[in-house]
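*Asks:* Structure provided below as structure tokens; questions to follow.
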Amino acid sequence: MREVIIYTDGACSGNPGPGGWGAVLLYGSHRKELSGFHPHTTNNRMEIQAAIEALRALKYPCKVKLYSDSAYLVNAFRQNWLRTWQRNGWVNSRKQPVENQDLWQELLEAARPHQVEWLKVQGHADVAENNRCDELARAAIAAGTQG
């Protein structure tokens, strides 16, 4: 199984507001950068979208180390929030509908073919690839809001 390292980040200008996401995929000596824009969204939605798009970009089942500075994203897997939400019919501990259920379901589908290890990276802590994802996300916002 191919081993891939992925870094992801999401950003929003206002929360909610225009948002962008960025991802860097590393496989051996290969590197791929992805980014995208949404005109009205939240930071958390862009964090999830970055992971979705990065995993969808993989052509084969892979062993993935996915790094994100989003505790929301990483903890959903590492602390089994997603499993609990699914078991409870997508209702959280406060008996409210889980926010971003649509994207969580897309992410689960995108992750299904892969063995994903979800890892937290300190935000803005001089991790080059995480910083690059932030640049990609912010550039997507800038490009999407011009004119």
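Glycine too: its Cβ is placed from the backbone N, Cα and C atoms.
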*Asks:* So Swiss-Prot lists Asp9, Glu47 for Mg(2+) 1; which of Asp69, Asp102 goes with them?
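*Replies:* Given Asp9, Glu47 bind Mg(2+) 1 in Swiss-Prot, the matching entry from Asp69, Asp102 is Asp69.
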*Asks:* Taking 8 Å from the centroid of the Cβ atoms of Asp9, Glu47, Asp69 as the cut-off, which other residues in that chain fall inside it around the Mg(2+) 1 site?
*Replies:* Thr8, Gly10, Ala11, Met46, Ala50, Ser68, Ser70, Leu73, Gly123, Asn130, Cys133, Asp134, Ala137
*Asks:* Asp69 (Mg(2+) 1 binding site) to Asp134 (Mg(2+) 2 binding site): how many Å between their Cα atoms?
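*Replies:* Computed Cα spacing between Asp69 (Mg(2+) 1 binding site) and Asp134 (Mg(2+) 2 binding site) is 10 Å.
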*Asks:* Helix, strand, coil: count each for the residues of the domain 'RNase H type-1' (1-142), based on DSSP.
*Replies:* 55 helix, 49 strand, 38 coil
